[in-house]
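Student: This is the structure, below, for whatever I ask next.
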Amino acid sequence: MTTNYIFVTGGVVSSLGKGIAAASLAAILEARGLKVTMMKLDPYINVDPGTMSPTQHGEVFVTEDGAETDLDLGHYERFIRTKMTKRNNFTAGRVYADVLRKERRGDYLGATIQVIPHITNAIKDRVIAGSEGHDIAIVEVGGTVGDIESLPFMEAIRQLAIEVGREHAMFMHLTLVPYLAAAGEVKTKPTQHSVKELLSIGIQPDILVCRSDRMIPANERKKIALFCNVPEKAVISMKDVDSIYKIPQLIRSQGLDDLVCARFGINAPEADLSEWEQVIYEEANPTGEVTIGMVGKYTELPDAYKSVNEALKHAGLKNRLSVTIKYVDSQDVETKGTDVLNGLDAILVPGGFGDRGIEGKIRAAQYARENKIPYLGICLGMQVALIEYARNVAGMEGAHSTEFNKNTKYPVVGLITEWVDGEGNVEERSEKSDLGGTMRLGSQLCHLEKGTKAYELYGSATIHERHRHRYEVNNLLRPQIEKAGLKVSGLSADKKLVEVIENPAHPWFVAAQFHPEFTSTPRDGHPLFAGFVKAAGQFQRGELK
């Protein structure tokens, strides 16, 4: 099978939405019956985003095989059915590390290692390996054209397009077309300069996707086509919309997928976007609204919780409810008290690291438990719920996690030193292990106990969910907590690690060690989030019992 490549680049400014545009195109091509995959090439020197600050980079998305990747891979999985793996995202740091490792081994037989050809060849090899077995691979290059860091990647995709043949490669470039209110018109000059920069490194775009707050007028489209050397029909308007799930229809209406199929000589049926039409209908026609408080420490940047935000929206679609997320800094709960949690229909404590704001999260879990407010804890959100219950119900005064207090009398949460991964291999860690890539990562099997809330929600005794953590419930103290009434409803494959807890004395109090948000999609939702948002609606109406 010959794979066709669409290389996606961006210009003028960052954060234009390359990932959304690429994923939307992928969704349309998939709806035409094509086998599509996506890749993200990140020019930064970090080996992966696993140890990067969420306030700088946004969330770390975890794939089924345990790769810590860019949040754009979350967009990819939410738009298409293909599951991402460690092959679908790599960084300049990863490429350089691999090349240097080979040089130390002597694989290059004494050659002088250079960006061209060694780094560019390594990039091309990874792109080819990650796209095998697919009709179309959409490859997004991070950053903005002109960045020093992205030059090796730009050179690599330029070379690869020549090597596979231009009949099997396309370049799609996203640019900004700003509207100047004073002049009353959109300006095309930034796009012209961006394409000029791209041409200077040997890449002629085949498609221009123009980001603006409005549709690009016909005269301006003609002007862009003329000065940027692309057909007028290849100038695509991508205006601001109130939902990212409207983008597939927006670009389909302008024939972007037809351009791609014509270029690659693909004869495929028309795209069936009925599933996306249903998503848009559900989003536009809610029967009610709920407010969910997200208590975390990275609340100044919503992208730090991108998958959780989207999962809540998906759950809203399944319940025909509009979900408003109120971000609550956990430090505010510490300094201002639980009054900041008043008026919420449900409380969610997501994952996180570090002790800043930890007591605020614990108090939020206590507030939800005592006031019978629906509570969903994810990863650290499960651990704080357990700590709170141990302290205030089980009589274990000062109970804590060894992540935050190594000398606690009741270490109800501690470092995992050994576990079995998703492939059955035994993994071992210690406090001296590196931070990067040393967590329990990826999809793991979980056993759910029949008759529990978790089992009721999933409708199955076995599930697979993705993990990203290095601390777990201390089994030595577990019996004391369970005796006080807390229910362990989910266990790992070897039955040694606690995966799900719930409070039978509460109408809806569930917390999981895994990250269910990574598998939620707009078309299918996720049972845990769907049940949580449903409970929020019932709580608001006074029907939750």
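Just so it is clear, glycine is given a Cβ too, placed from its N, Cα and C backbone atoms.
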Student: Using only what Swiss-Prot says about ATP binding by Ser15, Leu16, Gly17, Lys18, Gly19, Ile20, Lys239, Asp240, Val241, identify which of Asp72, Asp98, Asp303 is listed for that site too.
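Tutor: Only hit among Asp72, Asp98, Asp303 in Swiss-Prot's ATP site, alongside Ser15, Leu16, Gly17, Lys18, Gly19, Ile20, Lys239, Asp240, Val241: Asp72.
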Student: Looking at the recorded positions Pro190, His515, Glu517, which one has the fewest other Cβ atoms within 10 Å of its own Cβ?
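Tutor: Minimum Cβ neighbour count within 10 Å, taken over the recorded positions Pro190, His515, Glu517, occurs at Pro190.
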Student: I'm trying to understand the geometry here, so how far is the Cα atom of Lys189 (UTP binding site) from the Cα atom of Glu517 (active site), in Å to the nearest whole number?
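Tutor: Approximately 41 Å lies between the Cα of Lys189 (UTP binding site) and that of Glu517 (active site).
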Student: In angstrom units, rounded to an integer, how far apart are the Cα atoms of Lys187 (UTP binding site) and Glu517 (active site)?
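Tutor: That comes out at 39 Å between the alpha carbons.
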Student: Quick one: of Thr188, Thr191, which of the binding-site residues has the smallest count of other CB atoms within 10 A?
Tutor: Thr188
Student: Relative to the Cβ of Lys223 (UTP binding site), which residues of the same chain, six or more apart in sequence, are found under 8 Å away?
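Tutor: Same-chain residues close to Lys223 (UTP binding site) (Cβ under 8 Å, separated by 6 or more) are Thr188.
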